[in-house]
Amino acid sequence: MKAFSPVRSVRKNSLSDHGLGISRSKTPVDDPMSLLYNMNDCYSKLKELVPSIPQNKKVSKMEILQHVIDYILDLQIALDSHPTIVSLHHQRPGQSQASRTPLTTLNTDISILSLQASEFPSELMSNDSKALCG
């Protein structure tokens, strides 16, 4: 028969319980708070990227999403009204028109934004939030 102290409980993960960072890596499913923090990081990143969102005012997540949707629609209108795109829509009859133009320039812009996001100090963005948002 083993004896234990009634004052101290026996724990397998006593080091991780004290916040020493010695624990198995958790997936967002294992740690819902981690997922919440990652989502909050993503909303913060969206707030930074969309120019119509006031930076000095607290806005709800719903407002952020509404601004993001409006911004995407504005970008789509700007893209559709770009002279190169307009000339593609006025092709000679008999030539097939593509319903959409390739997104190569958009993908380049996203790559640039991803590179800018990777320049943030690691204290501000965890690796998990970079994977989800970047």
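Every residue, even glycine, has its Cβ placed from backbone N, Cα and C.
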For which of the residue intervals 36-45, 106-115, 116-125 does Swiss-Prot record motif 'Nuclear export signal'?
-> 106-115
Do you know which of 1-24, 73-96 Swiss-Prot annotates as region 'Disordered'?
-> 1-24
